[in-house]
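Notes for the one structure printed next.
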Amino acid sequence: MLYPIVWQNNSVVLIDQTRLPNEYAVIEIHRCEDMAEAISTMIVRGAPAIGVAAAYGMYLGAREIETSDRTEFLHQLEEVAQLLRSTRPTAVNLFWAIGRMMQTAYETLGTIAQIKQILLETAQTINAEDIQTCQAIGDHGLAALPKTPEKLIILTHCNAGALATAGYGTALGVVRSAWREGRLTRVFADETRPRLQGAKLTAWECVQEGIPVTVITDNMAAHCMKQGLIDAVVVGADRIAANGDTANKIGTYSLAIVAKAHNIPFFVAAPISTIDFTLSNGSQIPIEERHPSEIYQIGDTILTPSGVEFYNPAFDVTPAELITAIITENGAFAPGELVKCHTISQ
Ligand SMILES: CSC[C@H]1O[C@H](OP(=O)(O)O)[C@H](O)[C@@H]1O
């Protein structure tokens, strides 16, 4: 299995996702500041993955705090948390993981050394739990897919694979489970402008595992659906509001509209840690805007003339009414029934 984040030799080893698919490179992270940089620059990316990365970042920061005073330690740890919170605003998993690490520190009574050790163990637990969560999402998603006698073609957007999680993936977790059970013909992967996570990362994951994959440009999805090539759409999520409105990579909203127009089921696959129950709907989800160079530059090639303006929102929000079901580690739920997701389905 593919693990993008590994605790090894007292440091965090990350697959450098900015170099895939042409180069498989790893980077060792020893300091919290470097983990924050890795999240901001998308060396590690994907909602669950940046949550796991931030959890380890909290430990790396705690490790460097040199005080024997508990109050001072917790004050400095909060500063570490603030640095990590400032990296990317949309994926709620980041804030969930940081909050769990801070709560662990507050609840741990003991020496500073004992608190640091518990923080490391908590980060490792968050890492291990996410892999199990993704495998459960994959199997619940398989059960939710259309029950046609023929094998399915699943369209996905961006990368919600092992690279976007601690392993196995969410949307690609459903793909992996479907492939394992002989329910999948192939994956259609939207290239996903501007950073091309679909063409670069989803395609790479599928090729590594021998899962047939067809890469299309984002503007081809409607045509493929009209031709009857797509049986279901499965995407990931970065933040889901209590009513089921879902923030995911830019282009997901238009994909959901097109799927609805063609009566194709549209599934969101995400861990419960991606659901933000403090938000009643998606209008309150912060949308990250990234540097315009992601639009105007590919490699060394500049695509646009000077003198133009750019708008580069990294995510959009799909209204709950366009979503067939939200697949979690506890089962598949209608968007309006997420309050039930804490009850494990049979
Ligand atoms: C497993 S959900 C991953 C989710 O995160 C991605 O965004 P980014 O590549 O900018 O971190 C994309 O929205 C995926 O669906």
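Using N, Cα and C of the backbone, Cβ positions are placed for all residues, glycine too.
No curator has checked TrEMBL annotations; they are predicted automatically.
Features as listed in TrEMBL:
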ACT_SITE  D238  active site, proton donor
BINDING   R45, G46, A47, R88, Q197, N248, K249  substrate binding site
SITE      C158  site 'Transition state stabilizer'
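Shown here: features listed in TrEMBL, placed on the structure.
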| residue | record | DSSP (3 states) |
| --- | --- | --- |
| R45 | substrate binding site | coil |
| R88 | substrate binding site | coil |
| C158 | site 'Transition state stabilizer' | coil |
| Q197 | substrate binding site | helix |
| D238 | active site, proton donor | coil |
| N248 | substrate binding site | strand |
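Among the record's substrate binders, R45, G46, A47, R88, Q197, N248, K249, no two C-alpha atoms are more than 17 Å apart, and one pair sits at exactly that spread.
Sequence-distant neighbours of G46 (substrate binding site) (same chain, six or more apart, CB under 8 Å from its CB) are P4, A91, N159, A160, G161, L163, A164, T165, G236, listed in sequence order. Every protein chain considered, the tally of other Cβ atoms within 10 Å of the Cβ of K249 (substrate binding site) stands at 27. Highlighted here are the recorded positions (A47, R88, D238, K249) whose C-beta falls below 6 Å from ligand 1: A47, D238, K249, in sequence order.
Applying an 8 A CB threshold to same-chain residues 6+ apart, the list for the residue listed as 'active site, proton donor' reads A47, T90, A91, V92, N93, A247, N248, K249, T274, F315. Taking all protein chains in view, 29 other C-beta atoms sit within 10 angstroms of the C-beta of N248 (substrate binding site). Within 8 A of the CB centroid of the substrate site residues R45, G46, A47, R88, Q197, N248, K249, the other residues of that chain are I50, A91, C158, N159, A160, A164, G236, D238, A314, F315. Sequence-distant contacts of C158 (site 'Transition state stabilizer'), defined as residues of its own chain at least six apart whose C-beta falls under 8 angstroms from its C-beta, comprise D190, T192, Q197, G198, T202, V235, G236, N248, K249, G251, T252.
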